[in-house]
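**Student:** Copying in the features that TrEMBL gives for the protein in this structure:
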TRANSMEM  A:21-41  transmembrane segment
TRANSMEM  A:82-102  transmembrane segment
TRANSMEM  A:122-151  transmembrane segment
TRANSMEM  A:163-184  transmembrane segment
TRANSMEM  A:196-219  transmembrane segment
TRANSMEM  A:239-257  transmembrane segment
TRANSMEM  A:297-315  transmembrane segment
TRANSMEM  A:345-370  transmembrane segment
TRANSMEM  A:391-415  transmembrane segment
TRANSMEM  A:435-454  transmembrane segment
TRANSMEM  A:461-481  transmembrane segment
TRANSMEM  A:504-525  transmembrane segment
Amino acid sequence: MSELFKRSFQLFKLTIRRDRIRASIWIFALAFFTLIIPGSFQNLYPDQQDRDAMAVTMENPAMVAMVGEGDLDNYTIGAMSAHQMVLITAVFVGIMSILLFVRHTRTDEEEGRVELIRALPVGRLATLHATTMYVVFVNVVLAVLVAIGLMVQPIESLGIEGALLYGATLGGTGICFTAVTALFTQLSDSSRGATGWSIGLLLFFYVLRAIGDIGSEALSLFSPLGWTTKTMIFTENHWWPIFLMLAFSFVVLLLAYRLNAKRDLEAGLFPSKPGKARASNNLLSPFGLAFRLQRTAFISWAVGMLLLGISYGSVLGDLDSFFQGNEMVEKILVQEEGYSIAEQFISIIMTVMGMIATIPALISMNKLYGEEKKSRLELLYAKPVSRKTMMGSYLLVAVINAFVSVILAGIGLWAAGSTVMDDPVSFGTMIGASLAYIPAMFVMIGLSALLIGLKPNVVSLTWVYLVYSFIIVYMGNLFQLDEWFSNVTPFGHVSQLPVDEFEVVPFFGLIGVAIVLVVAGLTFYSKRDIQG
Amino acid sequence: MEKVVDIKRVTKKFGDFKALDEVDFSVRKGEVFGFIGPNGAGKSTTIRILLGILKATEGQATIFGKDVWNDSMEIHRQIAYVPGDVNLWPNLTGGEVIDLFAKLRGGRQTKRREELLERYKLDPTKKCRTYSKGNRQKVALVSALLSEADLYIFDEPTSGLDPLMEQTFQEDVRNLRQEGKSVLLSSHILSEVEKLCDRVGIIRDGTIIEQGSLEELRHLTRHHVLLETTSSLDGLRDVEGVHDVNQDGNTYRFQVNAEQMDQVIKFASQYPIQKFESAPPTLEDLFMRHYEGTDEVVE
């Protein structure tokens, strides 16, 4: 038996050595994200009155579906932080565990590294065991850091037991998904498949819990993410979900180990189905190819934007009670006469969603350079395919992405908003507010096209520019910055409907700028050397 | 002879680095031209200039008499290209890629598709992610051979193929030549070039240092000779044109300049010869002669 595990510990050390930076970044980012929350809630909601108002908002079924149940009658800073943050953080801990696990098992197996290891006097289960130890270790370190970090904060409601439980909940959820991934890496025969199945199951558990939390309680108990929300950290401090998590992980891991000991290297237990022998007609053009390569991402972003719209929309009904007298919010929302807080909120939310919707559009455009770096364009350019056709195809995909993302966000916002608001905003207004962002998004796409044509190695500057735009436009009022700062970003010229009047000149001005950028991009791109 | 590819004094600079320095050669209609040189000598850069992917800094290159940069669309309708390192899209199948390439070239050939897939033993239903280097190369090869091109450009096409597939490929290149197509074949495998090519160009440090038919090039270098006699051949070393004499008993191995073969035979005929073998230089000899320093270059 011990033969199977031989030299696991050496491999464990090797794994840590390989991932010391990657794992540190994950741990640091997740811990940081968790630990800044109580302090900022302290600033945002200094009085119990504010927090109780927030608690009322959180009774909304949409919020329960999103963040899970909490102890709303006893909504201290601690209870509030845990209620609003622990589930979403746990989801990211789960994703971290999945990615780290697949990286050291299936990916290594695909790349032939496991074969190299297995040829040495190393146990058959050593790779799996070392990876399990490693990902569990990462989760434990995260749990300890979070627990200590919460304990040392000078906030009364953050008790020691709650702090320990918070860490244990995050770590425990991570270990559950470590086990789930261990199982899927045996079942699927590719790293993509294993990652896809694991993340798919994570989403399934999330939705199962959401349905359970708003309706049939029992369903939540069948989801590890349901257990996550049942801990009631900083109020009742339930430990039983943690034991349930560990028991679940142990059983699933046992099954994974058994399967691993039996299966052949590079084999999976799911049958891998053959792909298409012939291409469908949709694929057979530069545009068809560009779209096909991004199809999954396109659909995921579309769904994501719709959900984002819906989740913002679902809070529109309670805004007035929620924001009244909150200083921070008042600074961001400069009171405009004649508009309700909800309408002002919509303007701000559209700004945020407009910029988030720019992300998939930019990814689409920048992919043209990504393809070049991977030397996949050389074969295409050896055919009678012009540079302009190729760049044009990626431009078109990016533009479609921009439209779909921003409109779906608007539709989601409208659909959820109109069910919870007493005086809903009309569909036309909401779509208008979304479309107002299109020219600014075109400018971002155009900028990417220009850089790809002129100096492709700095094309990632488009991201820096987007982040800059976000900070300036979103937080501009807060920092009381000079107008100059927002004039240099396209998003600074967008009419923030429905509060602002629609202005024609900047709208078409931005489109004009975008056209100039695209034409310049096409021209330069046709003239330069292609790397591969 | 009509020139299908004509490169005149093409120079390519990347910043300060001169990758090609006045490269000059041509491929004639209906011939297989071998393009040889070590890694980094400029083979792929030359080919990429021919494809209009890189722009020549100076000089002129044409294919079918058309400028490779300005008229690339027209040229590409009539050429097929297989790179040395085939990079495909991991989430498309081989079959999809073959169809895509056929369509982009114009038309969707199906007639020989199954036959070629069978011939190269390629499963078109596998995702490119799962293909080995050799299989990815086969995808590009099948796609190229499916096209009804006039010029085929192969950049180290067999570097990932097994010996059997290599033979299949060589047969196909011979068939292409019989059909009157032109082929530019860049390769590391000198025996392959020797078997297939009518003419050869050797590139070193971005410059073509030798170009011509194998016969012509052989003329410039030494033959290998083996002599067996019953008595010792005194004075063999002094015969003009004889180099690197190796004596093992009464067996002599040495090299002879092609032009001075006559003198060697006259000298040897004075002795009781039991065995006389002469082998022409291999391409490898030609190649090595250019790469192992220049102190022994034959006049």
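Cβ atoms here come from the backbone N, Cα and C positions, even for glycine.
Can you walk me through where each of these features ends up in the structure?
**Tutor:** Counting same-chain residues at least six beyond the ends of the transmembrane segment (A:21-41), those with a Cβ under 8 angstroms from any Cβ of the stretch are 77-78, 80-81, 84-85, 89, 92-93, 96, 100, 138, 141-142, 145-146, 149-150, 153, 155, 158, 166, 170.
Tertiary neighbourhood of the transmembrane segment (A:163-184): same-chain residues 30, 34, 82, 86, 89-90, 93-98, 101-102, 105, 128, 131-132, 135-136, 138-140, 142-148, 150-151, 193-194, 197-198, 201-202, 224-225, 227-228, 231, 233-234, 237-239, 241-242, 245-246, 248-250, 252-253, 255-257, 259, selected by CB-CB distance under 8 Å and a gap of 6+ residues from either end.
Here the transmembrane segment (A:196-219) has long-range neighbours at 61, 64-66, 68-69, 91, 94-95, 98, 101-102, 177, 180-181, 184, 187-188, 225-226, 229, meaning same-chain residues at least 6 beyond its ends whose C-beta is under 8 angstroms from one of its own.
Taking Cβ pairs closer than 8 Å, the transmembrane segment (A:239-257) reaches residues 125, 128-129, 132, 165, 168-169, 172-173, 175-176, 178-180, 182-183, 185-186, 224, 227-228, 230-231 in its own chain, all 6 or more past its ends.
For the transmembrane segment (A:345-370), same-chain residues at least 6 beyond its ends with a Cβ under 8 Å from one of its own Cβ atoms are 290, 293-294, 297-298, 301, 305, 308-309, 312, 316, 319, 323, 332-333, 390-391, 394-395, 397-399, 401-402, 405-406, 409-410, 413, 417, 425, 430, 433-434, 436-437, 440-441, 444-445, 448-449, 452, 456, 459-460, 462-463, 466, 469-470, 473-474, 491, 494, 496-500.
Within the chain, the transmembrane segment (A:391-415) has long-range Cβ neighbours (under 8 A, six or more residues past its boundaries) at 285-287, 289-291, 294, 298, 301-302, 305-313, 316, 346, 349-350, 353-354, 356-358, 360-365, 367-368, 424-425, 427, 430-431, 433-435, 437-438, 441-442, 445, 448-449, 452-453, 518, 521-522, 525.
Tertiary proximity for the transmembrane segment (A:435-454) is limited to same-chain residues at least six positions away from its ends with a CB under 8 Å from its CB atoms, namely 350-351, 354, 357-358, 361-362, 365-366, 368-369, 391, 395, 398-399, 402-403, 406-407, 410, 461-462, 465-466, 490-491, 493-497, 502, 506-511, 513-518, 520-526, 528.
Residues 387-388, 391-392, 395, 436, 439-440, 442-443, 445-454, 490, 493-495 of the same chain, all 6+ positions outside the transmembrane segment (A:504-525), place their C-beta atoms under 8 angstroms from a C-beta of that stretch.
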**Student:** Using a Cβ cut-off of under 8 Å, list the residues of the same chain at least 6 residues beyond the transmembrane segment (A:297-315) that approach it.
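**Tutor:** Hits for the transmembrane segment (A:297-315): 57, 60, 62-63, 66, 291, 322, 349, 353, 356-357, 359-360, 363-364, 397, 401, 404-406, 408-418, 420.
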